[in-house]
């Protein structure tokens, strides 16, 4: 407890120590200043001594023999003692008050902890009264050694009542319908009443349906892929007195102005010889 009080109120002890140190330093500095002044400026502190050689020696008195030595030392010690007494007189009551407050707070926390413990005990008693079986000790279960590898048990399929082989069929269930008998040349998967008339093999063809058109007969020297009514005169037709021109050239077609068909092809610039003074 004393250690915790010292750690919590260390600021107070630091202030008291600084006060005591300040008073001590002030008293010692006053003592040193007085010694210096008395030694250097006092005329009464000079003593003449005559030796055997009839020579005079000037010596000063020692500090202890000075008349101000005793009062100065006594005053410095008095200030130090006064600082210690004041520090203890001020600090001790404050520390005692703080310790007393800490003790009261600790007792209060202990009381609160006891009350909480009582409340928890009462709640446990109520739960035990409501369900006494929980308070009984459960028997220890025997330890069973488990295999290292898992064992898979075979599952037995459950038979539903609809799949019972001994169960008789219900009337009208999964019975063939006598009205829908299979027809000749008919797929049994298709209902004959749903057959369209266009798919009846015994039905005659309608006139004009899927019959070749007699008006569009193939012409001589004509591509069968092209409609003859769409052929234009003088288009891609060979001349009877001339040979066939390459690239389907029509001789009856007028030439465009400025276009010479006999003009030779210009040479490729990349195939020309390099000229002098130019980089290749």
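Along the chain as shown, the residues are counted starting at 1.
Quick reminder: no glycine exception, Cβ is built from N, Cα and C everywhere.
According to Swiss-Prot, the feature transmembrane segment maps to 13-37 (among others).
If you look up Swiss-Prot, you'll see 68-92 (among others) marked as transmembrane segment.
Swiss-Prot lists 114-128 (among others) with the feature compositional bias 'Polar residues'.
For 114-149 (among others), the entry in Swiss-Prot reads region 'Disordered'.
Under the heading compositional bias 'Low complexity', Swiss-Prot lists 132-149 (among others).
The repeat '1-1' annotation in Swiss-Prot covers 163-168.
The annotation region '6 X 5 AA repeats of [FM]-N-P-N-M-Q' is assigned in Swiss-Prot to 163-264.
Sequence annotations record features per position, and here Swiss-Prot assigns region 'Disordered' to 163-280 (among others).
The compositional bias 'Low complexity' annotation in Swiss-Prot covers 168-188 (among others).
Annotation comment: Swiss-Prot describes 170-174 as repeat '2-1'.
Marked as region '5 X 5 AA repeats of R-P-G-F-N' by Swiss-Prot: 170-260.
According to Swiss-Prot, the feature repeat '3-1' maps to 186-190.
Taken from Swiss-Prot, the feature region '2 X 5 AA repeats of F-N-P-R-M' covers 186-226.
Summarising the annotation, Swiss-Prot assigns repeat '1-2' to 191-195.
Marked as repeat '2-2' by Swiss-Prot: 196-200.
Per-residue confidence over the repeat '1-3' (199-204) averages 63 (mean pLDDT, predicted model). Taken from Swiss-Prot, the feature repeat '1-3' covers 199-204.
Mapped onto DSSP helix, strand and coil, the compositional bias 'Polar residues' (114-128) counts 15 helix, 0 strand, 0 coil.
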